[in-house]
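**Q** Supplied in structure tokens, the structure appears directly below.
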Amino acid sequence: MVARVAGVFNEQLTEAIANSKILVVGAGGIGCEILKNLVLTGFPSIEIIDLDTIDVSNLNRQFLFHKEHVGKSKAQVAKDSALSFNPNVNIIAHHDSVISNDYGVSYFKQFNIVMNALDNRVARNHVNRMCLAANVPLIETGTAGYAGQVELIKKGLTQCYECQPKAPQKSFPGCTIRNTPSEPIHCIVWAKHLFNQLFGEEDPDQDVSPDTADPEAAGDAGASALSAEGNTAGNVERKSTRSWAADTNYDAEKLFTKLFGDDIRYLLSMENLWKKRRPPTPLVWDNLPGKDDAPIQHSGLPDQRVWSVHECAQVFASSCSALQKDLKSRPEGDHLVWDKDERSAMDFVTACANIRAHIFNIPLKSRFEIKSMAGNIIPAIATANAIVAGLAVLRAQSILKGEIENCTSVYLRPKVNHRGQLFVPERTLTAANPKCYVCAPKPEVGLACNLKALTLKDLTSAFKEGLNMQAPDATVEGKGLVVLSSEPGETDHNNDKTLEQIGLNDGCALLVDDFLQNYEVRVRLQQEDEEKSWRLVTDADTPMPAPKEEEKSANGSNGGSSGNDPKPGPSRPKEDSESDMEIVEEDDDEPTMKPPKRRRTAMSDEVVELC
């Protein structure tokens, strides 16, 4: 390999490479290129972590994978393929989540350099904190189309991944999703929520039934429905969507009739909703558009053809059957996790989204388009991945040579700027934000909320969503009183109590730590009567993103819940190593980065406001 060829590297670098150990997190588009470069350069000891499996859609740019590898572990196949280039390298592959307890600070300390090739903000945050705790250099990489970036993160020397506030996840009003969708993305979010209600982790904030509390409806429909549901004791008995579906044995026709017939007719009874809108059209299982149409010839790829409503219904039936079978095969109480690369799950969302779109007079989309929107897929270009991976390995060589001051951030432009530059480097290392609540010497952040309304369960959500913690514990500063424990059941009895009820007041300071991340931060509580949710504040003038009310849609990869009331954080998504983060650079003399539009793996973390 290159490091063994005399004269290519100086003796210092050759010896440093020979004695180095590298961790690569992510085995997708960039991860494959990084692994190949490391192996061909002659790095002798490499470990690679990726939880994902190979999908057909990966094959156009993740060149270590081939058709026969579909369904297998990305990390393991990447290892096997890379060893064909250089069988003398010791590669250890982990088909696992980097957030797992198995990869603590002591694990990270054994590496000379960690190289990130992820597109998942939760995983990026975690690796960032682990590298800070272990004091190991982290090389962060990412691409979006033809643009890309390579950035060094080193404790005490550069800014960390969380030094600059990330744009908050854009959200959809819950009543729009449930009652009045107007765009394809609204139907896709609804379909993903339906998947969770039927097969995934049930979340009351992802209800797909008509929203009787919609302020715009302002009619008697909701009240009459509630009145009709009352039992003899005067209580309202409700059955979860999954329990009802299980009682029907997931009968596709019965599910279809309720979701796309009965529920739509109920929406029509909310007459105020349709005074200025075109009303939806309920569907009947036995009389669907396209049933008698001749097959349409399509010259493109099968996934690029838009299915008829009748075809969607057939796919809905088959995917329900497959998903029910998968759910039954799991232990009692377990659930499915939506994955864009799992055929039945993707078919289900495509079919349901398009059926609902037809009902609300919204253009239908192909499976390919819906997959891109539902999985938050940024187009990936193989050449951009290769360029960024090459730059990353060059930065690794500079670190091993002790030239860390030369490892400034480099931006790959989609096209040359006015000075003819395709690569735009920063002039100096970017200093850490002294107000950063992660890498500052004494991390501190304010939490503005209404202590009379925010519950302990909501506070947990704030720590997980706002501070990106995995297992937060909180004690009152100076008193040692345990307010929140990550140990199951220890503080659960207080979940529904407000912060005021458990003795917390304005100005109270909490010491919050996450043992999984070896991270601790001081959180100051700030009473704000008008605050309906919560928000992080690093100083008096710079509020941090929080789940505030937003009117427009688009969804993001690594966020949290949003709305008038604070909601529990989303379940932890897995790392996804496709088409990593996007970066945008400026043309000015001193390049600066525009606010990054980073995203998370699955729309399982899409944010929905409750109206």
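Just so you know, the numbers here start at 1 and follow the chain as drawn.
The backbone N, Cα and C atoms fix where each Cβ goes, and this holds for glycine too.
As annotated in TrEMBL:
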{"type": "DOMAIN", "residues": "8-437", "note": "domain 'THIF-type NAD/FAD binding fold'"}
{"type": "BINDING", "residues": "26-31, Asp50, 58-61, Lys74, 119-124", "note": "ATP binding site"}
{"type": "BINDING", "residues": "Cys160, Cys163, Cys436, Cys439", "note": "Zn(2+) binding site"}
{"type": "ACT_SITE", "residues": "Cys175", "note": "active site, glycyl thioester intermediate"}
{"type": "REGION", "residues": "201-239", "note": "region 'Disordered'"}
{"type": "COMPBIAS", "residues": "215-229", "note": "compositional bias 'Low complexity'"}
{"type": "DOMAIN", "residues": "447-531", "note": "domain 'Ubiquitin/SUMO-activating enzyme ubiquitin-like'"}
{"type": "REGION", "residues": "528-611", "note": "region 'Disordered'"}
{"type": "COMPBIAS", "residues": "577-590", "note": "compositional bias 'Acidic residues'"}
**Q** So of all those recorded positions, Cys160, Cys163, Cys175, Cys436, Cys439, which one's Cα sits nearest to Asn60 (ATP binding site)?
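**A** Going through Cys160, Cys163, Cys175, Cys436, Cys439 one by one, the Cα closest to that of Asn60 (ATP binding site) is Cys160.
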**Q** Looking only at the domain 'Ubiquitin/SUMO-activating enzyme ubiquitin-like' (447-531), how are its residues distributed among DSSP helix, strand and coil?
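**A** Counting residues per DSSP class in the domain 'Ubiquitin/SUMO-activating enzyme ubiquitin-like' (447-531), I get 14 helix, 28 strand, 43 coil.
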**Q** Do me a favour and check the Cα-Cα span between Cys175 (active site, glycyl thioester intermediate) and Cys439 (Zn(2+) binding site); whole Å is fine.
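**A** Roughly 39 Å, rounded to the nearest whole number.
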**Q** What whole-number Å value do you get for the CA-CA distance of Cys436 (Zn(2+) binding site) and Gly29 (ATP binding site)?
**A** 31
**Q** Can you grab the distance from Cys160 (Zn(2+) binding site) over to Gly29 (ATP binding site)? Cα atoms, rounded to a whole Å.
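**A** That separation, Cα to Cα, works out to 23 Å.
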**Q** Between the binding-site residues Gly26, Gly29, where is the Cβ count within 10 Å the lowest?
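**A** Comparing Cβ neighbours within 10 Å for the binding-site residues Gly26, Gly29, Gly29 has the fewest.
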**Q** If you average pLDDT over the domain 'Ubiquitin/SUMO-activating enzyme ubiquitin-like' (447-531), what do you get?
**A** 90
**Q** Where Cys439 (Zn(2+) binding site) and Gly29 (ATP binding site) are concerned, what is their Cα separation in Å, rounded?
**A** 29
**Q** For the recorded positions Val122, Cys160, Cys175, Cys436, Cys439, which Cβ has the most other Cβ atoms within 10 Å, all shown protein chains included?
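**A** Going through Val122, Cys160, Cys175, Cys436, Cys439 one by one, the largest Cβ count within 10 Å is at Val122.
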**Q** From the Cα of Cys163 (Zn(2+) binding site) across to the Cα of Gly29 (ATP binding site), what is the distance in angstrom?
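**A** Each residue's Cα considered, Gly29 (ATP binding site) and Cys163 (Zn(2+) binding site) end up 26 Å apart.
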